[in-house]
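Peer 1: The transmembrane segment annotation in TrEMBL covers 29-51, 58-77, 89-111, 132-154, 166-190, 218-238, 258-280.
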């Protein structure tokens with residue numbers, strides 16, 4: 001833990017009071033248990049829905065994000081039991097810093113499929129670039145934050161500030177990436193609405209389950225709100241980490257529980273109750289494979305028809 005007391009303090013005592021810890025408080029038991037339960041339920045739900053609807057990339061990213069949050073709040077419960085717990089501090093700082101990046105990655109993955117479905121001509125960039133650019137930037141932010149978290153948790157006082165700076169840099173990269181994504185996604189949504197782009201659903205699409213359900217607007221609103229809450233959390237984290245370990249903002253548990261824990265909990269809940277497997281089946285691997293088989297069958301029929309015509313002639 002980054003504090004000169006941490007070299008000599010291992011548990012609360014008159015010489016090592018709670019106020020001298022990095023956070024300056026004993027994490028609230030009830031609040032952290034509630035968040036642990038919420039994230040654990042979301043993790044299990046994401047696994048179930050992802051396997052059922054065969055959404056590989058989205059499921060991997062969001063499940064890691066939810067599980068990371070659950071583990072992080074487990075670390076905070078360790079700090080409740082012992083505010084000087086070195087292991088508890090390391091677990092929660094690493095997991096709670098990194099987990100939201102995976103949640104954002106899950107949303108980035110959906111953008112490509114949304115653009116393909118509604119028409120790439122309405123987007124400023126090609127569908128594939130949404131994943132190539134934003135996932136790459138998100139991966140970079142994860143690596144930088146992971147390096148910073150590892151250094152910060154090393155308990156070497158001469159490296160603590162370096163670790164802190166790396167975490168702030170990683171979060172700043174994340175915020176910049178999310179801001180650009182919000183601008184592009186907002187412009188795309190505007191173009192779709194402007195052109196009243198409602199694609200006609202064919203009989204084949206209905207049979208294959210590729211049609212958008214009537215409640216798609218619910219999915220779009222929930223996903224957008226989830227991303228916005230992640231964005232708010234990241235903005236909060238920049239001054240919280242930039243102020244140095246043990247600063248006034250970092251020692252305000254109420255703000256942390258609302259602007260970090262609360263924002264990410266709502267995001268995970270929204271991504272679960274408005275799961276793309278339920279409300280955007282066109283993204284499902286099963287439906288994409290069915291679509292590919294249908295296109296191949298149509299191409300084969302066309303080729304056979306042309307051969308018959310040549311034979312007759």
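Note that Cβ sites are derived from N, Cα and C of the backbone, with glycine treated the same way.
Annotations in TrEMBL come from automatic prediction, not curation.
Keep in mind that this is a model prediction, so the values were computed, not measured.
Can you tell me where each of these features sits in this structure?
Peer 2: Through the fold, the transmembrane segment (29-51) approaches residues 58-60, 62-63, 66-67, 69-70, 73-74, 76-77, 80, 257, 261, 265, 268-269, 271-272, 275, 277-278 of its own chain, all at least 6 residues removed from its boundaries and within a Cβ separation under 8 Å.
Through the fold, the transmembrane segment (58-77) approaches residues 27, 29, 32-33, 35-36, 39-40, 42-43, 46-47, 49-51, 87-96, 98-103, 105-106, 109-110, 261, 264-265, 268, 271, 276, 283 of its own chain, all at least 6 residues removed from its boundaries and within a Cβ separation under 8 Å.
Same-chain residues lying 6 or more positions outside the transmembrane segment (89-111) and placing a CB less than 8 Å from one of its CB atoms are 1, 22, 57-58, 61-62, 64-69, 71-76, 78-79, 130-131, 134-135, 138-139, 141-142, 145-146, 148-150, 152-153, 167, 170-171, 174, 177-178, 181, 185, 223, 226-227, 230, 233-234, 237, 260, 264, 267-268, 271, 276, 280, 283.
The list of residues near the transmembrane segment (258-280) in space but at least 6 beyond its ends in sequence, with Cβ under 8 angstroms from a Cβ of it, reads 31, 35, 38-39, 42, 45-46, 49-50, 52-55, 58, 62, 65-66, 69, 73, 96, 99-100, 103, 106-107, 110, 113-114, 212-213, 215-216, 218-219, 221-223, 225-227, 229-230, 232-233, 236-237.
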Peer 1: Are there residues at least 6 beyond the ends of the transmembrane segment (166-190) whose Cβ is under 8 Å from a Cβ of it, and what are they?
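Peer 2: Tertiary neighbours of the transmembrane segment (166-190) are 97, 100-101, 104, 108, 111, 114-115, 118, 122-125, 130, 134, 137-138, 140-149, 151-152, 220, 224, 227-228, 230-231, 234-235, 237-238, 241-242.
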